Amino acid sequence: MDKIIKTISESGAFRAFVLDSTETVRTAQEKHQTQASSTVALGRTLIASQILAANEKGNTKLTVKVLGSSSLGAIITVADTKGNVKGYVQNPGVDIKKTATGEVLVGPFVGNGQFLVITDYGTGNPYNSITPLISGEIGEDLAFYLTESQQTPSAVGLNVLLDEEDKVKVAGGFLVQVLPGAKKEEIARFEKRIQEMPAISTLLESDDHIEALLKAIYGDEAYKRLSEEEIRFQCDCSHERFMNALASLPSSDLQEMKEEDHGAEITCQFCQTTYNFDEKDLEELIRDKS
């Protein structure tokens with residue numbers, strides 16, 4: 001079971017979120033059949049979306065678009081405040097570029113571009129915020145977005161570790177934010193611990209699992225747990241939703257589908273579920289338009 005734990009330091013000067021998103025990213029890999037670099041890039045963006053959504057309240061939905069200029073194409077994810085996230089990468093077939101330690105690089109395949117966040121509060125007027133991609137490695141891009149767009153100094157870690165067969169072994173992340181009133185010596189202590197922190201994957205694979213992430217962030221400093229919530233890859237597509245999408249097409253297009261294709265087939269980009277609509281479905285839509 002994937003989860004996110006939200007905490008705040010006893011002094012109230014810092015807050016931290018830690019996430020185990022292994023099943024989330026594993027599900028995304030299975031649904032989209034992504035190759036190594038595509039898996040890591042999509043996985044990191046899914047985790048980034050989970051972090052951002054955890055900062056919201058109510059029925060807010062949050063879309064993250066990593067719009068790079070290189071071979072991965074666009075990465076698009078959508079998360080809500082109930083722990084659900086979905087997403088896809090335009091090119092799922094980008095394979096490996098590894099460092100000497102075996103880490104999969106994604107920056108070269110993302111390229112230059114924009115980090116776009118669309119926040120939908122359900123009012124009909126979504127809020128868009130754009131920052132440039134700093135490295136294309138997603139974590140640094142999210143930290144820059146939070147610092148620049150939300151004016152909150154932030155440290156972010158996102159990690160997707162693959163096994164020898166390039167399947168998701170472990171995935172997770174953290175967010176640490178400086179809150180008003182933080183003292184210089186406190187900031188220095190947190191910065192030092194984060195700089196010296198082992199890889200997220202190493203901590204998640206340890207016996208203490210997600211608790212090891214909290215230990216690495218806080219050290220011996222006291223903190224309060226605010227909440228612990230489940231998170232998951234979950235698409236909200238349905239036959240009815242795509243039926244409504246077809247209903248927005250002109251009658252002439254629906255008539256053409258009926259006569260030439262004897263129906264319609266639509267595959268959800270976010271989860272690869274395929275929905276079929278027969279001639280009767282199309283006839284019903286045409287009739288409703290007349």
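Positions of Cβ are set from backbone N, Cα and C atoms, glycine also.
Taken verbatim from Swiss-Prot:
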type: DISULFID; residues: Cys235-Cys237; note: disulfide bond
type: DISULFID; residues: Cys268-Cys271; note: disulfide bond
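Of all the Cβ atoms in the protein chains shown, 18 others lie within 10 Å of the Cβ of Cys268 (disulfide bond). There are 18 other CB atoms within 10 A of the CB of Cys237 (disulfide bond), with all protein chains counted.
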